Structure formats: C-alpha cells, structure tokens
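Straight from TrEMBL, the features:
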COMPBIAS  1-12  compositional bias 'Basic and acidic residues'
REGION    1-28  region 'Disordered'
DOMAIN    52-162  domain 'Fe2OG dioxygenase'
BINDING   His70, Asp72, His130  Fe cation binding site
Amino acid sequence: MDDVTGKERDPTTRSYGPTRPFDGAQAPTIPDAFKMIAQTANSTASEFPQINPDICIVNYYTNFGKLGLHQDKDESESSLTKGLPFISISIGDTAEFLFGNTRDKDQATKINLESGDVLILGGESRLLFHGVSRVKTDTAPSWLKEETGIRPGRINLTFRQY
Ligand SMILES: O=C(O)CCC(=O)C(=O)O
Ligand SMILES: [Fe+2]
C-alpha cells in the first residue's frame, strides 16, 4: 500500500494541512490495517472510484452527541469533481443518521447506523447533506463492550482522499 502522509483538519477554518493546528504536530500516516478495511469496503462499491485515503477523521459522540446536516466539501476540487467516495465506519452505540438533498432535516431520510456498519457516499451522492440526529444509549453489541471496554457512545471514522 502507498504510504500517504496523513492530513490534519482544522475544524475552525474547515481546511486540511500537514500539521495539527493547536500544537503543530505532524499528521500521522493512517495505519495500514485501517486503510485496508476502508479500501476493501470501497472495492465492494464498484460503482465508485477506488481511493487511496490520506485523511481519516475520527469523531467521538457521547450519548448526547449530534452532528447537524452538512455537506462534506472541504476536500480538493478534483476529488469532489471526480466524486471520490468517503467511507464511513461506525463503532459502538447506534446512530440515527439523516441524509437528503437539502439542509432541511424534516425532508431527510433517517437510517440507523449500527456498530460495524459501513456507509459510502460517492459519485452523485458525494455531496448529499448528512448528519447524526441522535446516538441511542446502550445499543453497542455486548461482545464489543466486554472485549474492548469501549466507553458509552459512538466512534465514527471517515476515510477520504484529499
Ligand atoms: O458520524 C457520522 O456518521 C458522520 C460524520 C460526518 O459526517 C463527518 O465527519 O463529516
Ligand atoms: Fe460529513
């Protein structure tokens, strides 16, 4: 697998760079094992191009966590024009995930993203509005809690190519 230097995202300016904004630390590379999972998932969605991820955003949601409807459009113009997919992996408690063509949550479609679910938005769906309306308390698989001691809440990883 190619060794692509990771990028850090500055949530304030919504831009990507080689270093972490608050302390200047170099962005680490994405572990090969993580990349492998993302790229294997990517290859099952054969209608979308294959990416070589250089960004992995990790979001942790407590059981009160939410994320408003938004579009992911901070990646390069070329990446967005080509509709390069992002691959999202959910771990822990189930999320109620919304997506739609506008920012209006009343018109959005609601699905559950359970632990282990993979969601891929690419091609024409790359710029869909999406967000998390709630995280459902104590819905993580019991084996996951027992084997890892994962704390309550949800972890989401999204892999992208800048
Ligand atoms: O947590 C999720 O499922 C979505 C995360 C997301 O939309 C993002 O990081 O841009
Ligand atoms: Fe997003």
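The backbone N, Cα and C atoms fix where each Cβ goes, glycine too.
Where the annotation comes from TrEMBL, it is an automatic prediction and has not been curated.
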Given the Fe cation site His70, Asp72, His130, its other Cβ neighbours within 8 Å of the Cβ centroid, in chain order, are Leu69, Gln71, Leu128, Phe129, Gly131
List the helix, strand and coil residue totals of the domain 'Fe2OG dioxygenase' (52-162) as derived from DSSP. 18 helix, 47 strand, 46 coil
If we count other C-beta atoms within 10 Å, could you say which of the binding-site residues His70, His130 has the fewest? His70
DSSP helix/strand/coil residue counts for the region 'Disordered' (1-28): 0 helix, 8 strand, 20 coil
Give the sequence-ordered list of residues that share a chain with Asp72 (Fe cation binding site), lie 6 or more positions from it, and have CB atoms under 8 Å from its CB. Phe86, Leu121, Arg126, Leu127, His130, Thr158, Arg160
